[in-house]
Amino acid sequence: MPCALRGSSSWPTSSTRQGQLLLMLGHFIDQPQKEATWLGVTFQRLEFRNVLNKSLPPFTLLYAASGLRARRRHSRRPRPRVASRTSLVETLEMGEGVATDNTDQKAWFAARAAVLMGLAMVSTLIALRVGDPVPLIAGMKRTGSPIGWLGALTACLVFGSTTLLSKLSSFTRVDAATRGGLYAAFNALGSSTLNLSFAWVLRQNGLLSGTVTGLPYGVFGASIISIVLTCCFMGCQKVGAACTVAVLASTGMCISFLWGIFVFYESLRSVAAAALALLVLALGASLCSVANTQLPLRWGRGVASEEGEGIGNKEQSVALATGIAFAFFGGLCDGTLMVPFKLFCKSAGTTTKSLTFKYMEAFGFGQGLCFIVMFLFQIVFWRQRNSSFNGFREAVRVCAAPGMVTGMLWAIANVGSIHATEFLGVALGFPLTQTNIIVHAFVGILLFGEMPHSAQRRTCGVAVLTILLGAACLAWAGSS
C-alpha cells in the first residue's frame, strides 16, 4: 500500500466531499503518471473500501503528502539502461531488427542531409569545372587545382554516408538470400536516375552536346560499382559498417594505386614511401578485421569474462570470415572503379569538360541497364526458390526506398571520384576518396551501436588512424 489510508478497518466508507477528496488523493499517490485522467475515471478504477467519514487527522495528510513526494521522486528517476550483450551477428541470426525505430529515423534524417550536402558540393564542383580555363591532357595530373581536392572531399564525405540505410530494421522482413540483390538493384536505379538527371541539366545549359558516347565504358563502370554495392551491403549485414568499409577501402586504395603505377604509368615522388604506405594500409585493415572479434577483449585489461561470451563461437567466426571475404572482394572491385573512366579518357586522346560529363551520362545508362538485369534476375531467383511470387511485392517495397537513396549517394560520390581521379590521378586521387572510413566508423559505432565494448572500439580507432596515416603517406608519395 503506498498510502496510509488503505487497510484501515476503523474508517467507514464515505461519499462526502472529504472522502472524495481523499479518494482522489490516494489514486494520485498510487498512479502519479496518470494525473490528467484521475478526475474523470479514478472513482470507477480504484476500490477504496475504508475512507475517513468526518475528519482527517493531521498525521494522515502529512503521511499522504510524504508518500506523494516519494512517489514523484521515484517516478523522475531515470531508468537504468541495460546494455545488450547480443552482438550484431547474433541479432541477425535470430532474425531480430538490427536497429530500433528511433535509430531508423535518425538514419533516414542523416541520409537526407547527406543527399542535400552532396548535391550542393557537386553543384560547386561543376561550376568550378565549367569556369576552369585550362584543359587537361589525357594522362596528365594537375594537383595544384582545387577541383581535384574538392572532388576527393566530396567523395570522402558522401561515400562515408552510403551505409546509413544498410541496416534498417525493416530489412529483417526480407530473407537474407534476397535482400542483398534487391538492395543493390535499387541502388543501381537510384544512381542511374541521378546521373541521367545531371546529364539532362548539363545538356539544357549547353555544357553537354552531341550523341551519347562511351557506353561500353559506362556499362563496365556500372557493373563494377554494382558488385561493390552488393559486397558492401552483405559485409555490413555480417560484421557491421565500420569493419566492412575499413577492409574494403584499404584494399581499394592498394589496388587503385597498383593500377595507377603499373598500368597507367603515373609518376611517383618516392617508391619506398609508396611501398611503406601500402604496408601501413594492410596493417590497418588487419586491425579493423579483428576489432569485431574476441581478441580485443583478451588484449584489454579489467574486462569481465562474461563480456566475451558469445563473441568467438563457431557461427560468429563463420559470419566474420564471410563478411571479411565480401569486404575484401568488394575492395578488389572498388580499386578498379575508376579504370573505365581512365580508359575512356585515353581512348579520346584528351580530357575535356564535355568528355568528363559524357562519361557521367554513359555511366547513368550503364546503371540503368544493370538495374534491369539485376531486377529480372531477382524475379527469376524468387520464383525458382519459392515456387510463387508471394511476398515479393513486400520485399520490393522494403528495399526500394533505401536502395534508391543509397544509389543517389553513390552517384554523387562517384562524380567527386571522377574529378579527383581526373585531376590527381588514379594513384593519388582515388585512395584519398577512400579515407571515408572514418565517417563509416562513426556511423557504425554511434548510430548502430557496433563494437559495444570499449576494447573493440579502441582497436577500431587505432585501425582507422593507421589507415589514415597510410593514406596520407600514399598521398605524399603520389603527388609528384
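Glycine is treated like the rest: Cβ placed from N, Cα and C.
Predicted automatically and left uncurated, TrEMBL annotations should be read as such.
Note that this is a predicted model, so its numbers are computed, not measured.
Here is what TrEMBL says about this protein:
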{"type": "TRANSMEM", "residues": "109-127", "note": "transmembrane segment"}
{"type": "TRANSMEM", "residues": "147-168", "note": "transmembrane segment"}
{"type": "TRANSMEM", "residues": "180-202", "note": "transmembrane segment"}
{"type": "TRANSMEM", "residues": "214-236", "note": "transmembrane segment"}
{"type": "TRANSMEM", "residues": "243-265", "note": "transmembrane segment"}
{"type": "TRANSMEM", "residues": "271-291", "note": "transmembrane segment"}
{"type": "TRANSMEM", "residues": "318-339", "note": "transmembrane segment"}
{"type": "TRANSMEM", "residues": "359-382", "note": "transmembrane segment"}
{"type": "TRANSMEM", "residues": "394-413", "note": "transmembrane segment"}
{"type": "TRANSMEM", "residues": "425-448", "note": "transmembrane segment"}
{"type": "TRANSMEM", "residues": "460-478", "note": "transmembrane segment"}
### Summary
If you count CB pairs under 8 A between the transmembrane segment (214-236) and each of 180-202, 243-265, 425-448, the winner is 180-202
#### Entry: Range from 180-202, 394-413, 460-478 with most C-beta pairs under 8 A to the transmembrane segment (359-382)
180-202
### Query
What stretch of 109-127, 271-291, 318-339, 394-413, 425-448 shows the most Cβ pairs under 8 Å to the transmembrane segment (180-202)?
394-413
### Message
Against the transmembrane segment (394-413), which of these stretches has the most C-beta pairs under 8 Å: 147-168, 271-291, 318-339, 425-448, 460-478?
### Response
147-168
### Task
Would you kindly check 109-127, 147-168, 318-339 and say which stretch has the most C-beta pairs under 8 angstroms to the transmembrane segment (425-448)?
147-168
### Query
Excluding the flanking five residues on each side, which residues at least 6 beyond the ends of the transmembrane segment (460-478) place their CB within less than 8 Å of a CB in that stretch?
242-243, 246, 249-250, 253, 257, 260, 266, 268-271, 273-274, 276-281, 283-288, 291-292, 424-425, 427-428, 431-432, 434-435, 437-438, 441, 445, 451
